[in-house]
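In Swiss-Prot this protein carries:
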- Glu51: active site (ACT_SITE)
- Asp69: active site (ACT_SITE)
- Cys25-Cys140: disulfide bond (DISULFID)
- Cys46-Cys130: disulfide bond (DISULFID)
- Cys81-Cys97: disulfide bond (DISULFID)
- Cys93-Cys111: disulfide bond (DISULFID)
- 20-142: domain 'C-type lysozyme' (DOMAIN)
- 1-19: signal peptide (SIGNAL)
Amino acid sequence: MRALLGICVLALVTPAVLGRTMDRCSLAREMANMGVSRDQLSKWACIAEHESSYRTGVVGPPNTDGSNDYGIFQINDMYWCQPSSGKFSHNGCDVSCNALLTDDIKSSVRCALKVLGQQGWSAWSTWHYCSGYLPPIDDCFV
């Protein structure tokens with residue numbers, strides 16, 4: 001029983017161990033290198049700050065509909081990624097939710113751009129924090 005408890009605890013903390021914590025500049029530079037428009041980078045930095053504190057390995061607590069949000073941009077598993085549990089997902093980004101928890105943010109960025117294209121910035125519940133002040137990113141490229 002004790003071994004089972006240890007395995008369960010390990011399974012719960014594994015995504016946090018696999019992820020990394022970025023900052024506004026490391027995120028802005030990586031996204032710019034991936035071709036994301038520079039005029040959007042402050043907005044993405046704001047979303048990442050408020051959704052995950054720039055942490056890539058975060059799985060959010062269950063939402064009221066039972067879904068969870070994954071990764072640096074907290075992408076929802078009911079609509080955008082396939083959870084490892086096998087529960088139904090529309091999987092609009094055609095990606096596993098676990099792929100959104102790794103150090104490599106390419107899958108997260110691709111999926112977030114798709115969400116933005118279909119739902120706009122208001123797809124993120126924290127967007128209201130970003131509609132006024134945006135974190136500066138110009139100093140990230142000096």
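Cβ from N, Cα, C; glycine included.
Everything Swiss-Prot records as a feature, shown here on the structure.
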| residue | record | Cβ neighbours (10 Å) |
| --- | --- | --- |
| Cys25 | disulfide bond | 17 |
| Cys46 | disulfide bond | 22 |
| Glu51 | active site | 23 |
| Asp69 | active site | 24 |
| Cys81 | disulfide bond | 29 |
| Cys93 | disulfide bond | 23 |
| Cys97 | disulfide bond | 26 |
| Cys111 | disulfide bond | 23 |
| Cys130 | disulfide bond | 19 |
| Cys140 | disulfide bond | 18 |
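Restricting the disulfide-bonded residues Cys25, Cys81, Cys130, Cys140 to those with a CA within 10 Å of the CA of Cys111 (disulfide bond) leaves Cys81, listed by sequence position. Recorded residues Cys81 (disulfide bond) and Cys25 (disulfide bond) have their alpha carbons 26 Å apart, per Cα-Cα distance. The two recorded residues, Cys46 (disulfide bond) and Asp69 (active site), show a Cα separation of 17 Å.
Using a 10 Å Cα-Cα cut-off from Cys25 (disulfide bond), none of the disulfide-bonded residues among Cys93, Cys97, Cys130 qualify. In the three-state DSSP reading, Cys25 (disulfide bond) counts as helix. A straight line from the CA of Cys97 (disulfide bond) to the CA of Asp69 (active site) spans 9 Å. The average pLDDT computed for the domain 'C-type lysozyme' (20-142) is 97. Secondary structure at Asp69 (active site), taken from DSSP and collapsed to helix, strand or coil, is strand. Within the set of recorded positions Glu51, Asp69, Cys93, Cys140, the entry lying nearest in space to Cys130 (disulfide bond) is Glu51 (CA atoms). Cys93 (disulfide bond) is 19 Å away from Glu51 (active site) when you measure Cα to Cα. Taking DSSP states H, G and I as helix and E and B as strand, the domain 'C-type lysozyme' (20-142) has 56 helix, 9 strand, 58 coil.
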